[in-house]
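Look at TrEMBL and you will find B:1-110 tagged as domain 'NADH:ubiquinone oxidoreductase chain 4 N-terminal'. Residues annotated as domain 'NADH:quinone oxidoreductase/Mrp antiporter transmembrane' in TrEMBL: B:113-403. The transmembrane segment annotation in TrEMBL covers B:21-42, B:93-111, B:117-137, B:149-168, B:188-208, B:220-239, B:259-279, B:286-304, B:310-331, B:352-370, B:390-413, B:434-450 (among others).
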Amino acid sequence: MWRKLFTSVPAFRALKAPCRSFKSSSRGAEKDFFKDLDTQLRAFRDKAAAAMPGSDWSPIELTPGLPPERADVVIVGGGVVGWSIAYWLKMKARVRDGLRVLVVEKDPTYSQASTVLSCGGIRQQFSLKENILLSLFSAHFMKNINNHLWVVNEDPVDLQFNHSGYLFLASEKSAHIMEENYRTQRYVGAKVVLLSPSQLKERFPWMNTEGVALASLGLENEGWFTPAKLCSLISYIVPISSRFVYVVHCPDGPGLDTPFLIDYSGVYCRREGLGGNYITGMSPEETEEPDISNLDVDHEFFQEKVWHRLAHRIPAFEQLKVSSAWAGFYDYNTFDQNGIIGLHPLVPNMYFATGFSGHGLQQSPAVGLAVAELILDGGYKTIDLSAFDLKRILLQEPIQESNIV
Amino acid sequence: MLKVLIPTMMLFPTIWLTSPKWLWTTTTAHSLLIASASLTWLKWTSEAGWAFSNMYLATDPLSTPLLVLTCWLLPLMILASQNHINPEPVGRQRSYITLLALLQTFLIMAFGATEIIMFYIMFEATLIPTLIIITRWGNQAERLNAGTYFLFYTLAGSLPLLVALLLLQQSTGTLSMLVLQYSQPLQLSSWGHMAWWAGCLVAFLVKMPLYGVHLWLPKAHVEAPVAGSMVLAAVLLKLGGYGMMRMMVTLDPLSKELAYPFIILALWGIIMTGSICLRQTDLKSLIAYSSVSHMGLVAGGVLIQTPWGFSGAIILMIAHGLASSALFCLANTAYERTHSRTMMLARGLQMIFPLTAVWWLAANLANLALPPLPNLMGELMIITTLFNWSPWTILLTGLGALITASYSLYMFLMSQRGPTPNHIMGLQPFHTREHLLMTLHLIPIILLMTKPELMWGWCY
């Protein structure tokens, strides 16, 4: 900067000419030394000029980008659950830097993370009251996400939350389970309604209601969102199994009010975007778990298992075309398919929040708050999740969710 | 004087020649004996201003309480360090205790010095063992930064002091405190004289610390191991106050005007550092800033130069030394168990450590100057003398007392009350050694309540 000041003065240019001839004189080594010194000094001056008061440039350049040596809480895994726990820990530490939290994630591109590869659905139609409460809280969180995560000067966060609801279909044998679940859900506060086959046909004329005894539809706080948008908010820094999701295109398919349809045979389907695309898939049977070593999609699975069931339920899907597919990991809790949250029985300062078996994304904000309360407040405050503690596995008392997918 | 100094010097062979099995027991016992020998200084028999003197060292009512505090603190420091130094190799353990004993020796010679130059040399000499303790045995990487700040802040203040002392020697012909107190007041009027005045005092103001130059203190206190924090908070800060009190004798009449900005800085510092305490998340950092706050009061009291100001300053120095050291010991017990100084994570400790909660309560009540503890006595005397100097100071000191109470209670409630997190349920119970440490801190404060004349300085 100083140099620029000087060279702009015309008189100095006259001075420079004799310097140039001096430079071309013999002594080679000295000339190099001075030139090096000069470049170094200039670099130093530029840096110093850039370091206005308030910048944190220091002449002692410590290696940048290293993780901190110490942290108060280390979260292993930076997916949506880990990120949510980190967020709530920081929120509860009311003072900035009150708690040093470190999130450790193996794959910074999240290419294989369940978070990104999930369908992004959120529903309250569970049978366990804790699951319903978790999803309700998460739905409120996502609806009001701009209160929580909006940074001033940036665009408001848009999760593309489609509130179309989930539609569960039950056959004759499972109708009574659905009724019981409906009672639990209404008691806890989810807005669900039961539909008979004729009401179904009225509401969704494109559906084939053969074999359906009862259906339950979520009216509010249910739907799906784009997990990748949630993922991009992640700023820093169990036995698994995989599921296949297929994107199909059908021009005459169900319209805009299509809910996230879950048939009693296990196949599910939802609308994706506005161009007649749908996302569909099916949970494979226990005996035919797909290979988890890679994320290659099994198209045979679609042809043999999924398509005919889908077409049976929605006749328009007989003419569809698979446009793409992907596979994602399911953090599957083989014991009772519900999350495990709580303290480790032997290690005194280790907490778990894992095994959500397909519900991790939709329950993540609430689970994050619950774990943050466990760590900082010594117990659950907002939602009591002591039913999900690890000791149910030690005592062999599963808490089953009926009607799961 | 020698009956304390020679045993302290003999502490070095004791440390290096004792068998490793008996190292800690022996050194603790030896230093306790030195501490009890130092209690004899409290018996004031001299008719002259100075007692127990030889050619270079003497005690007087100002230095006696500080000397006894210094000697009392060494066994406490050794007790406190026992747990975290034990895993290290024996040679390193011996080096650690040697550094503490070296610090002790320098401090005794500093407080007992009758020549100001000797005081200065010992003042500087205490920097070295402290620096080694902080940078070698501190826990985080930030300790290097802390050591640098500590060293250079104090040095930058004390090199002008050397020049000023040499000038004083030049003009008065002596630097002995015995003689200087009788010398004629100097004719001081020019800018050069004002610079000399500042040079005499800046070193001690940095050491106190005064609010504007206090940045080294939170770093040094937080990064130092427990013994380092204890000696820093309890004694090394008081070197600054003691030095100021000795120098003020020779600095009249300039002090009348020149002290003004420093008094204002000190008073403002009480409020600012108190407010910073309320926002702290690190436990040791909170205690460090509270030290700055209390020392701001002491600085104000000393700069006013009235009898009540001096007495209040000495009383507050002693009482704060014991209370602050107690708080650092308590913070260290929490740190040794959870390895974290974050206040949010070690909460609800009363449920698992009930007796320790009593010590926490007592130490925090002492810190917030609860009557009838001597902390309150010192603070009241300083507040009164400041009020006498200018009635407006009551706004600042009153607000400061209020903020002190709030952050002390905040510290207590945050660490002891509230829900106990699950991950600290399984912490190690308290050792008898730690309970002993706390009682040895708190009993002197309570006993001093009964005979405060020991601390009143020249007004006794």
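Heads up, the Cβ atoms here are built off N, Cα and C, so glycines get one too.
Just so it is clear, the model here is predicted, and its values are computed rather than measured.
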*Tertiary contacts of the transmembrane segment (B:21-42), as residues 6+ beyond its ends and Cβ separation under 8 Å*: 3-4, 7-8, 11, 14-15, 51-52, 59, 64, 67-68, 71-72, 74-75, 78-79, 82, 90, 93-94, 97, 101, 104, 454
*Restricting to the same chain and to residues at least six past its boundaries, which positions have a Cβ under 8 Å from a Cβ of the transmembrane segment (B:259-279)?*
201, 205, 210-212, 214, 286, 289-290, 292-293, 296-297, 299-300, 303-305, 386, 389, 393, 396-397, 399-400, 403-404, 406-407, 410
_Give the nonlocal contacts of the transmembrane segment (B:220-239) in its own chain as ranges (CB under 8 Å, at least six residues past its ends)._
66, 69-70, 73, 76-78, 80-81, 84, 96, 100, 103, 107, 110-111, 123, 126, 130, 133-134, 137-140, 142-143, 145-147, 149-150, 204, 207-209, 282, 284-285, 287-288, 291, 295, 317, 321-322, 324-325, 328-329, 332, 341
*Do you know the DSSP helix, strand and coil residue counts for the domain 'NADH:ubiquinone oxidoreductase chain 4 N-terminal' (B:1-110)?*
83 helix, 3 strand, 24 coil
*Given the transmembrane segment (B:390-413), which of the listed stretches B:188-208, B:286-304, B:310-331, B:434-450 has the most Cβ pairs that are under 8 Å apart from it?*
B:286-304
